[in-house]
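A short write-up of the structure that comes next.
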Amino acid sequence: MDGCHLSRDKLQGDGEGCDLKTSDYLKKYGVRLKKHLGQVFLSDDRIAKRIVKAAELTPEDVVVEIGAGAGTLTEELAKTGARVIAYEIDESLAPILQERLSKYPNVELRFEDFLKAKNVPEGAICVSNIPYNITGPLMEKIIEWKFKRAIVMIQKEVGERILAKPGKKTYGYLSVVVQTFYEVKKLFDVSRSCFVPNPEVDSTVVDLKRKPVDLDFEKFKKFVSMIFAKKRKTLKNNLRPFLSIFEGVDLSRRAEQLTVEEIVELYEKWRRALECSRG
């Protein structure tokens, strides 16, 4: 089978025979890709359809897409009848998006930087092909805006970090902050040949479902950053300014050896102690 094709675990291909609409649109409007934006556009409708199917959207849902690009995924989202709010920072893509989406009254295009967005509806569903160059900050924004669910396509390496378990080399800050607030499940891998232009790495689609967790995210990520600041050092080293708070706690282990639950327990102890010290 030519082009991007579906194997058991991975959508892949040789780059020929993929849906060429993305390339055609870019040529039609003379759009030049901007490297500093990490622009990698999905070019296979079948992948978009599979992602949207996994989201199980209804017309009552509000969907946020981060990085609409050339609109391949946006158009499939629009077909569900859900209210779609699509963010795109590159206004040169406006003619493409307007041509592809003008017949869908349920789509709202916002040409702005999602990282600076002020009025994102909380409790919405995020379905996106996340821009590679800002994956970490965008994952934090997904947590901050309390999306009840997120189905996102990200670099395979980042997917491995998000899914990592304690003791694994890839387990770290991103693993902990995402897994604290979301149940995380890998859906499938996507070959680099199914994008325009072809990136240097493959991608992974993950499904995040919000947990009923009530934590101050800003304080929590500060604590997690602190214990992972020097990954090979023990908790005793990384928490040295706060040793009195953790009297009686075994701090001989490294953060990468702790479960998410153990880290949350340490955080709560740290948070309560700081609040008491401030009166």
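Glycine residues also receive a Cβ, built from the backbone N, Cα and C atoms like all the rest.
Using a 10 Å radius centred on the Cβ of ASP113 (S-adenosyl-L-methionine binding site) and all shown protein chains, the other Cβ atoms total 11. What Swiss-Prot lists as S-adenosyl-L-methionine binding site is LEU42, GLY67, GLU88, ASP113, ASN129.
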Chain-internal residues near GLY67 (S-adenosyl-L-methionine binding site), provided their CB is under 8 angstroms and they sit 6+ positions away: TYR87, GLU88, ILE89, PHE114, SER128, ASN129, ILE130, PRO131
In the chain carrying LEU42 (S-adenosyl-L-methionine binding site), residues 6 or more apart in sequence that have Cβ under 8 angstroms from it: THR22, ALA48, GLY69, THR72, LEU73, ASN129, MET153, CYS194, PHE195
